[in-house]
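First up is the structure itself, then whatever we jot down about it.
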Amino acid sequence: MGAWASGPAEHEFRELPEKTGFSVDELRSLYKRFMQLCNEEGTLRQEDFEKIEHLQLNPIRSKIIRAFFDKRNFHKTEVGTVQEIGFVEFVTVVSYFKLPETNQTKEQAAELRRKKLRFLFNMHDTDSDETITLEEYKYVIEDLLSSYKTIEKETAKAIADSAMLEVANITGRSMENCGSITFEEFFQILQDVEVESKMNLRF
Amino acid sequence: MPARCRWAGAWRTFPRVRWVFLLALFAGAVASASAGQVNDTDSGATGGEGTGHHSRRAFPVLAVNYEYIRMPFEISLWILLASFMKLGFHLIPRLSGVVPESCLLIAVGLVVGGLIRLMGETPPVLSYNLFFLCLLPPIILDAGYFLPMRPFSENVGTILVFAVVGTLWNAFFMGATLFGVCQAVGGQLESVGLLACLLFGAIVSAVDPVAVLAVFEEIHINELLHILVFGESLLNDAVTVVLYHLFEEFGNVGIVTLADVFLGIICFLVVAMGGIMVGAVYGVLAAFTSRFTSHTRVIEPLFVFLYSYMAYLSAEVFHLSGIMALIACGVVMRPYVEANISHKSYTTIKYFLKMWSSVSETLIFIFLGVSTVAGPHAWNWPFVIATIFLCLISRVLGVIGLTFVINKFRIVKLSNKDQFIVAYGGLRGAIAFSLAFVLSAKHFPMKNMFLTAIITVIFFTVFVQGMTIRPLVELLAVKKKKETKHSINEEIHTQFLDHLLTGIEGVCGHYGHHHWKDKLNRFNKMYVKRWLIAGERSTEPQLISFYHKLELKQALMLAESGSTAKLPSIPSSASMQGESMRRSTRGRALPQISKVKEEEIRKILRANLQKTRQRLHSYNRHTLIADPFEDNWTEVRLRKKRVEMERRVSDLLHLNSIPPKPNLSCQRMMMGAWSEVKVIVIVKHSTTHVHTTKYVLLLTHSEQWAAMKGSRGAVCGDGALLSGFTVAPWRFGTRTSNLLITGSFPYPLGQPPPQ
């Protein structure tokens, strides 16, 4: 906690509660964890994430790790990835999983939903071209199935195909150019998954 | 004509009254006849033996011996009556929409009880043994086996709080206040002690699963509210058992010390945990047994029922919570048993459970009505009025207070509307009645008064609350049950979210419930599944099985809807090698399929399609969705493995037009881009040849297709010949035979056949 008070970029940290919505206590514990992960260095790199043991068994760990370094998740308009992140970016990414405020208006709830779905979309869209192609979706499915050893390649591809077909069915698009999903379509197909209530963690 | 129509209408609208009269008359007649007959046979027998042969009587051509079959006959009559009631209610169209079935059944019970009393017999009462050992277990097993695990486990904290704390609050509040009322009113009521009142409170306060199920199934509210009220009604059994035994025990002694309270708490934990563990042990045993039943499929359902019933009985031996044991058994055994048993066994289990629970529920309500007429009553206005009033008040206060606390911990808060439905849905039922019925009159001299009050409460909740809850749900615009869409995207993302949240929890370094859920899943996959699931299904991931189910459902839907549906095809750009492929997969018009053919296709597919099982969640006992599929999954898989595809069919099909065959009118159905052949549709049958030939349309990839002839091989649309894949010829009804193919094409279609 001492490092918090005397941190070099303390003025940045003062804005964090409003920017991210976390309380000061939550930020403190996140800061502690951040320092623990980066071995007191002050910035996190991909190797630091890979050392986390809980993530070892997670089938989508590469995507999770990548999400932390994806510039699109930093509330800015740039694209691409960075090599190392500071505490501000760390907290910004984690803030996507914050519980919604009580007494939210409908617009705020819709906005929050959009934000969270955007995060998911960015995770799938690895080449940052604002569309999820069939290949990218196939990788998602292969990742999900990777913990089972007896998977044939064609099954994953077949699942991806049928998922895309479903997207086309739901969005009513013609099948000629259904090789990719835009964010709007993604939003539409996942409207029954209550992301704003499921994609939350307690801090 | 008008007279006949009126008669027909009357016949249709009054079946149950006729049947009731007929049955009652029959029962009465037979009963009285048997009373006479017994005397005759007895005297005849003794007479004959005692004096050797004296006056010989004529050989009895027809003899009546009712006593021999009396017991099973009466039981069957009652069950028949219950079934006729169910039939009758659904024939009367408007009635079943307005009045819930439970109300009608109680009314029928009242009528039947009245009739029996009129005939001078004593009506049977809902005895403790009959109810708890025979009538209740099927209902609970049905509920537990089909309990939707995901919403249940997400809300288990809320459900437990309502069940435990809510029931305790209800019991103590009601008991204490009733005691106060009794003392205040005085007179006859002064002799009712505090413990007796507390016992009464404990009996009345528990929400009844049978009544809740009966009413809530008809109103189709959203899953969250359904699982909250229903889960509470199931889990409060442990509390009820402990409180009941505690107060019954100390009702004799008269005083309760602090040590007893402490012991009571321990007892509660033992009862609840013990019940769950007994159920889990039996569940694991059942799962393990089902692993070896691959050669004796016929008795598979029997194992499920027997193990569950034994779990219930074993828990009841030790005064543990039988209901929780039954639920735990069903929940634990279900995923493993379903992976092991055949599809027919699964259907059997589902149908039998629904049937038994339906009959049980009907019988329970009818007996409630009959027992009302039968039982000794002691009506006491202040007591009864106070009971009803306090029931409502304590429930409302309890729900509001608990929700206030719970909402601090919940992500999805319970709104006021939700709270109202939860409070209003707290129905009391037959469990309360049975528990009160077994009170010993010696220790509880006011037993009859208790019984009367409980019956009044039950009637009030079932009739008033049961009838008005549906219009209230409409009025308050409570969210209804969503139609499940079985979307593969949602399934993918649900799993994705689980892993994502577990990962982020790992990054942030704390162990939330995702972490533990993940650990449980991993443990389940590595150890438990291997032991309890036979064969290679133990390593099948959930996404794959979901996908296959979906695929098959789509296949059947396509076949049933005929070729009029133009389905879009997927250009799987990753798998196809050329743009020319994509160009060829443009939409083409589909010719119509004749009605006769459509029917034939539908029948054939339903009867003989070899696909995996479909798991359809249904906990509404009135609607069972038909399962048309056979279970031959292992065969299909073996077949797939046997037939290797050398090249992807999609790369090779270059059919751009159908060469006009003289007698061929092909229809085409489109499926998604499976790389293997999955669905067969009967296309046409030609009668101009000497041998009737059948062409079967195979869907391979997007719009490309091939037609197959007979069982000798296949003829591709443009003349290429295919052979070498497994064909399963089957005959159906007519002289024609149709073909079913699963597996992959080993040869490229669209090229000249190898000679």
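Residue positions begin at 1 at the first shown residue.
Keep in mind that glycine also has a Cβ here, set from the backbone N, Cα and C atoms.
Here TrEMBL flags B:567-578 as compositional bias 'Polar residues'. TrEMBL lists B:79-474 with the feature domain 'Cation/H+ exchanger transmembrane'. Annotated domain 'Sodium/hydrogen exchanger regulatory region' per TrEMBL: B:570-649, in sequence order. TrEMBL lists B:567-589 with the feature region 'Disordered'. Feature annotation from TrEMBL assigns signal peptide to B:1-35. The annotation transmembrane segment is assigned in TrEMBL to B:104-120, B:126-147, B:159-186, B:192-215, B:227-247, B:253-286, B:320-337, B:358-379, B:385-407, B:419-438, B:450-473.
The transmembrane segment (B:320-337) and the transmembrane segment (B:358-379) are not in contact, since fewer than 3 Cβ pairs between them lie under 8 Å (pairs 6 or more apart in sequence).
Among the listed stretches B:126-147, B:227-247, B:253-286, B:358-379, B:419-438, the one sharing the most Cβ pairs under 8 Å with the transmembrane segment (B:385-407) is B:419-438. Long-range contacts of the transmembrane segment (B:159-186) within its own chain (CB-CB distance under 8 A, at least 6 residues past either end) are made by residues 152, 192-194, 197-202, 204-207, 227-228, 231-232, 234-236, 238-240, 243, 382-383, 386-387, 390-391, 394-395, 397-399, 401-402, 405-406, 422. The stretch from B:126-147, B:192-215, B:419-438, B:450-473 with the most CB pairs below 8 A to the transmembrane segment (B:358-379) is B:126-147. Against the transmembrane segment (B:126-147), the recorded stretches B:192-215, B:227-247, B:253-286, B:419-438, B:450-473 differ in Cβ pairs under 8 Å, and the greatest number is found for B:419-438. Against the transmembrane segment (B:227-247), stretch B:253-286 shows more Cβ pairs under 8 Å than any other of B:253-286, B:419-438, B:450-473. Residues 98-100, 102-103, 106, 200, 203-204, 211, 214-215, 218-219, 221, 368, 371-372, 375-380, 383-384, 387-388, 391, 421, 424-430, 432-433, 436-437, 439, 444 of the same chain lie 6+ residues outside the transmembrane segment (B:450-473) yet bring a C-beta within less than 8 angstroms of a C-beta in it. Counting Cβ pairs under 8 Å that are 6 or more residues apart, the transmembrane segment (B:192-215) and the transmembrane segment (B:419-438) reach 3 or more and are in contact.
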